[in-house]
Amino acid sequence: MKRNDLQLYFIMGTGNVLNKKPITVLEKALQSGITMFQFREKGPNTLTGQAYENFARECQKLCQQYNVPFIVNDDVELAVKLGAEGVHIGQEDLPVSMVREKIGNMILGVSVHSQTELQTALQYGADYVGIGPIFSTTSKNDAKPPSGTEFLQQVRIQYPELPIVAIGGINCLNAHTVCKAGADGIAVISAICESEDISNTVSTFKSLFTDS
Ligand code: 3NM
């Protein structure tokens, strides 16, 4: 994978979007220049069965039109079935080794919160790691307490070439701190799902990682 693909990593499921059509939000985000997308259909009242798969396919098709990698959260079977570009897993999901075995050389992203988790992820060939929640978030029910940027900074110093994406409570006002701490990019849900002006939000975020 290209490290630059992590610059602005948008994550969305139907549960994250109020008063708008989720697919319209994704299309606007793609038009505006997001660099990676994660399909994350989790939480109460989310789609199941055929509707779940259909929505995933719809999102994938749009990502293909914009040439943006389509990553599936957790659901390895779905990722393989759809021929997604990759899978992202947390620590509650299948072990990293098992996921790597099932997905071959697809992109594998792993959320890590400690050295031990980081070492396991690297041992089994994670292509990138997600570090968070940097700030407090309301988008993940079981999120850990906010960690700040210390661990992120440590990992960057330890592994200068490792693709790292920061996540959790990141918005246009605080994103510069994770950029300074060494992240290759940011992953966001609410900053885009709840934006009144997606195009402006996307360019604000991207300018942090492209201007220096
Ligand atoms: N994972 P928002 S925080 C999906 O810490 C997710 O691993 C996290 O949403 C982690 O941008 C998070 O709205 C939610 O804060 C990110």
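The backbone N, Cα and C atoms fix where each Cβ goes, glycine too.
TrEMBL entries are annotated by machine, without manual review.
Together with GLN38, PHE39, ARG40, GLU41, LYS42, ASN73, LYS140, TrEMBL lists one candidate of SER111, SER114, SER195, SER199 for binding 4-amino-2-methyl-5-(diphosphooxymethyl)pyrimidine, that being SER111.
Taking ASN73, SER111, LYS140 as the candidate binding-site residues, the subset whose CB lies under 6 angstroms from any atom of ligand 1 consists of SER111, LYS140. In this structure the C-alpha atoms belonging to GLN38 (4-amino-2-methyl-5-(diphosphooxymethyl)pyrimidine binding site) and ASP93 (Mg(2+) binding site) are separated by 16 Å. Non-local contacts of ASN73 (4-amino-2-methyl-5-(diphosphooxymethyl)pyrimidine binding site) by the CB criterion (under 8 A, 6+ apart in sequence, same chain) comprise ILE11, GLN38, PHE39, ARG40, GLU41, LYS42, VAL87, HIS88, ILE89.
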